[in-house]
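Notes follow the structure.
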Amino acid sequence: MSTDQDFETYPLGDWKLQSGETIPNAHIAYKTFGDPSLPAIVYPTWFSGHIENNLWLIGEDKELSPKKYFIIIPALFGNGQSSSPSNTPAVKPFPRVSFYDNVRAQHELVTKHFGITHLRAVLGWSMGAAQTFQWAAQYPDFMDAIAPFCGSAKTSIHNQAMLEGIKSTLLAAKGFNSKTGEIGVSSDSGSYKGWTPQEREVGLKAFGRAYSGWGFSQAFYREKLHETALGYKSLEDFLERFWEPLFGSRDPENLVTMLQTWQNGDISQQKPYNGDFEEALKGIKAKALVLPSKTDLYFPPEDSEYEVANMQLGVGTLDVYPSIWGHWAGGPGGSPDDVKWLNDRLVSLLQSATAQE
């Protein structure tokens, strides 16, 4: 059984960020599966997720088999394993990190540490999907295929508002509003203020409860799948034993760092696109299988449809999860039907990518 300490790290030195700031003595955490001689796949982590939370999609009985591929799971900056507020105590507040910064670090890990010059694919869920899109725009010739599931190439205004809401519940425990306390600095004094144990507990519990109405769909709750499929006794039991623990063990400043990355997601915020989102989508060359959930409350299929429509002809394909599990249709293994649905599509995508070699 993998644990949250079961990973390796690669030193990045003083890592210069898009913001102009630097993470001193930075590192990226990662875990690999399979032989390095096999075709390589990058499978990044998601919001609040640790490396071990990606393992549900890997196995000899799945398309992501270590017998077929060399699978690399790199961790986001801010997730508590790669450089994060919780493991970089000398840096207060923690620098602003973009998806571009994360993917550039992952590219260095892949090329300089492993000596890989080309990937079979990049894929991921949620913030992992955002990193997948970022890879395809940032290094368009580096992979054969991408499979972003339940995520976006640019964080929508609605998604930004949703994230601002849940972030506000977390920061309210410190007496901050989201705008003035976004990186743990009070606008009144300008000095850093850490989290007391009580603030941490209250804030993280509130954060989990605020998220509970977003992760799963209305139909999921209407059908009481939290009881019949996941085994909880009631809504309150689900909130107490699923949603509160999901974030309760995390560091609040780590969450804020990742939220900032997510809120500012946009593959066009780099050269040569310079903010032209449609041109950035046209710049994607890898075969793209974009997989939204029909009931996702913050990554709706309409956004994915727009992304695919603006890719070059023949590059993108849209396929929608026929699921009532909402955003969690693409998440960590709770719905066996959705896991099978995703795995079947990865089989087709990766086999077609192999055939085009």
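Positions of Cβ are set from backbone N, Cα and C atoms, glycine also.
TrEMBL annotations:
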DOMAIN    58-304  domain 'AB hydrolase-1'
ACT_SITE  SER126  active site, nucleophile
ACT_SITE  ASP296  active site
ACT_SITE  HIS327  active site
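Here the features listed in TrEMBL are placed on the structure.
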residue	record	DSSP class
SER126	active site, nucleophile	coil
ASP296	active site	coil
HIS327	active site	helix
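The Cβ of ASP296 (active site) has CYS150, SER217, GLY326, HIS327, ALA329 as same-chain neighbours under 8 Å, each 6 or more residues away in sequence. On the 0 to 100 pLDDT scale, the model's mean across the domain 'AB hydrolase-1' (58-304) is 95. The Cβ of SER126 (active site, nucleophile) has TRP46, PHE47, CYS150, GLY151, PHE299, HIS327, GLY330, GLY331 as same-chain neighbours under 8 Å, each 6 or more residues away in sequence.
All chains included, 24 other C-beta atoms sit within 10 angstroms of the C-beta of HIS327 (active site).
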